[in-house]
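Asker: Below are the C-alpha cells for one structure; questions will follow.
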Amino acid sequence: MKLNMSKMIFISMIFVSSFISLSMNNWFSMWIIMEISLFMFIPLMSKNKISDQSMKYFIIQSISSYLFIFSIIINSMNEMYINNPLTLLSLMLKIGMPPFHIWKPEIMSKLPWMECLLLTTLIKIPPMILINKLISFKMLMIPLLITLIIGSLSGLNQLNLKKMMAFSSIFNLPWMSSAFLISKKIMLTFLIFYIMLNFKLMNLFKLNNLNYLNQLNFLPLKTKMTMNLNMLSMSGLPPLLGFFPKWMILNELIKTLVILPSIMILTSMISMFMYIQINYFCMNNFSFKKKNFKNNTAKSFSILNLMVFPMMLIFWM
C-alpha cells in the first residue's frame, strides 16, 4: 500500500512539473523542472533496488544536464543565448533524439508499461520546450529530418513491443517540436491526443501482459480489433483520431515550408506500414484458443477512434 502511494506521488509530481513547464520562460526554472522529473522517475524505475536501467538512465541524464549547464555558461559569456550547438546536443541527448537515441529503446525494453508511458510522454515535455525556446527552427531542421527518417525505419523490424513504442516516440518528436513552434493551441491539442493514444495502447499492452509481437496471437478478436485501430490511429491514418493533430500541423507548416512537411508525409507512410504489418500478423494468425487475458478496457475505444475526429473537426472549424 505504501509502495503504491509513493508511486502515485512520484507520478503526480512528474505530471504537475511537466505541465508547469508549459508556462515558464526562464531557462533555469525549466532546468530545475527537468531535474525534478528525473529524480521522481528514477525511484519508479528502481522499485526499492538500484537496477542497471535506472543507473544507465541517471548517467545519461546527468551528462546531458551538465552539458546543458555548461552550454548556458558559455552562452552567457558570449552574450549569445540561442542557437548554441552544445545546447542542442545536450537536449537531444536528454530526450533521445537521433543520433543520440540508442539508450531509449534499450532502457524502455526493460521497464514496466507505466514507466514506458511516462518516458514517452510527460518526461520529454520540458526538454522539448527548451529546444523550441533556445534553438531556431532553421538550426533544428536537419535534426528533425534525421529523426523522422531514423524513427520510421528503425521500427520496421522490431518484435519487441516496448522497443517499437520507443521508436514510435522518437518518430513523433519532430511532430511535437513543430506543434510547439506553431502555436500553443496546436501544441496542447497534439499533446492531449498523443498522451491519450499512448495511454490507451500501452494500457492494453499492460492489461494483457504483452511484451512481444507473437503474444498478440492469443488475444480475443475484440481486443485485437481495438488494439489494431489504436495502432493505426497512432500512425495518423485518416479518419482516425490520431490523424487530426497531424493534419493541423501539416496545414500550418505547408504555408511556409515544403521539404519538412513532405518528409513528414513520406515517413508517416513508412511508419504506417509498420503498424499495418503488425495488424496483418495479428489478424492472419488469429487463434480461437481461450486464454485468461483481461480486456475490460478494450470495448469502446474503436468507436471513439472513428467518431471523435469528425466531431472535433466540426468543432475546430
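Please read every residue number as a count from 1 along the shown chain.
Here the Cβ of each residue, glycine as well, is placed from N, Cα and C on the backbone.
Annotated domain 'NADH:quinone oxidoreductase/Mrp antiporter transmembrane' per TrEMBL: 25-270, in sequence order. What TrEMBL lists as transmembrane segment is 28-45, 57-74, 137-156, 186-205, 225-244, 256-278, 298-316.
In terms of burial and nearby residues, how do these features look in this structure?
Answerer: Through the fold, the transmembrane segment (57-74) approaches residues 27, 31, 34-35, 38, 41-42, 45, 84, 86-87, 89-91, 93-94, 103, 107 of its own chain, all at least 6 residues removed from its boundaries and within a Cβ separation under 8 Å.
Residues 113-114, 116-117, 120-122, 125, 161, 165, 172, 175-176, 179-180, 211, 223, 226-227, 230-231, 233-234, 241-242, 244-246, 248-249, 252, 295, 297-298, 301 of the same chain lie 6 or more positions beyond the ends of the transmembrane segment (186-205) yet place their CB under 8 Å from a CB of it.
Beyond its flanks by at least six residues, the transmembrane segment (256-278) meets 141, 144-145, 148-149, 151-153, 155-156, 158, 164, 168, 171, 174-175, 178, 213, 216, 228, 231-232, 234-237, 246, 249-250 of its own chain at Cβ-Cβ distances under 8 Å.
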